Amino acid sequence: MEFPDHSRHLLQCLSEQRHQGFLCDCTVLVGDAQFRAHRAVLASCSMYFHLFYKDQLDKRDIVHLNSDIVTAPAFALLLEFMYEGKLQFKDLPIEDVLAAASYLHMYDIVKVCKKKLKEKATTEADSTKKEEDASSCSDKVESLSDGSSHMAGDLPSDEDEGEDDKLNILPSKRDLAAEPGNMWMRLPSDSAGIPQAGGEAEPHATAAGKTVASPCSSTESLSQRSVTSVRDSADVDCVLDLSVKSSLSGVENLNSSYFSSQDVLRSNLVQVKVEKEASCDESDVGTNDYDMEHSTVKESVSTNNRVQYEPAHLAPLREDSVLRELDREDKASDDEMMTPESERVQVEGGMENSLLPYVSNILSPAGQIFMCPLCNKVFPSPHILQIHLSTHFREQDGIRSKPAADVNVPTCSLCGKTFSCMYTLKRHERTHSGEKPYTCTQCGKSFQYSHNLSRHAVVHTREKPHACKWCERRFTQSGDLYRHIRKFHCELVNSLSVKSEALSLPTVRDWTLEDSSQELWK
């Protein structure tokens, strides 16, 4: 025989006992607030309290909760839920209840809080979208009414029409707001000399002057009036022409000021002559690879009408590279046959020399260059220097040779594996022999390695050096603590880490306003 109301009656009695302080065997402290409760109820509803009372039941009369995570109102709400089975958020933030439930491992409450937060986010997004749509609609109505008022001012008014007829030409903002679906206006059909879309002329207005036009006819009349206004407004074109000329003159003044400031730097920099004149006597030099590679640079310099400079210590490098290329061409014309070795050396030298003209373009802002310590060649980046150094080592060392046979290398006699020293070889030999030289003095258990023995010794000393900072539970091994955190506190740790990163990182707006502006004006 079952009593369906027994569980509800039991919870009601326990809740009354808690409020009276009758048979309460524990005290929960959250900051300065104290809560009297029963251990059995707390351990039944929260996995945190279940683990807390599992180890030492007699010595856990007072429980301290982390007040940074669990607030007193949130814990009071969860305590009421434990005894009554009802969750009433009232005016409490859902985030506080979620943090407290995660801390106490009350996963049903966590699911409810997450669902409420999701619904709250969706409702806020919908409300903001509706506000944006309403504001955009009102802006369109205002712009349409302003444009219609301007057009009404430009319309030729007849002397026979009265003020009442003029007021009825355009609708007011109140009428437009009252009828948001009808986004059209009332316009007089005074286009006697303008043909319609079908080729027919629109008749004149009646004496009253009140004609209602459909949306299509209103848009057609608007387009026709705009065409006629563009044709008749010659003065507006002149004004636009003057504005363009003034803007161009401003750009010319800016360019002149820029080049005048660049003249000051000519005393400290060496000008590089990229483009050669046609009347130069050394016109044959312009046919080499250097000028062909820099043809694009010449075109960009001529089109942009700018002068390029480079540091003075790079000018001799360019001259040396040109001279080396000329010498290489002379040698190539003299030698008809080339061996594969000389061809490889020439290709490598050509690659290294071809990098030198680009030093000024690839240089870092600090103007650093990287020199090879073996051949004193200069390279624009450390990556290219590393590639160059690998060619030196490949030529000197060649393929890495194996150690000589007479050298004693620690080798395992069973599997043939080699090791760097005898200590690692001895450790490896224990895997074959099964030797366990390290023995525990308490229980006589043996181990292969010393660190395993030190880990085992903690079992006899009953020490628990590894403590969980979330629930204050202690463990003998670090691996047990890691598994405990992953099992019970994974969601809480992830949420707190995301919050801390969001608070510590600067915003993108602050970075762009401060750092980028300083870099630009340096």
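Any Cβ shown, glycine's included, is placed from N, Cα and C.
As stated in Swiss-Prot, the feature zinc finger covers range 438-460 out of the listed 1-23, 254-276, 438-460. Looking at the stretches 25-47, 48-70, 71-93, 370-392, the one that Swiss-Prot records under the feature zinc finger is 370-392. Looking at the stretches 295-317, 341-363, 410-432, the one that Swiss-Prot records under the feature zinc finger is 410-432. Helix, strand and coil counts from DSSP across the domain 'BTB' (24-91) read 29 helix, 14 strand, 25 coil.
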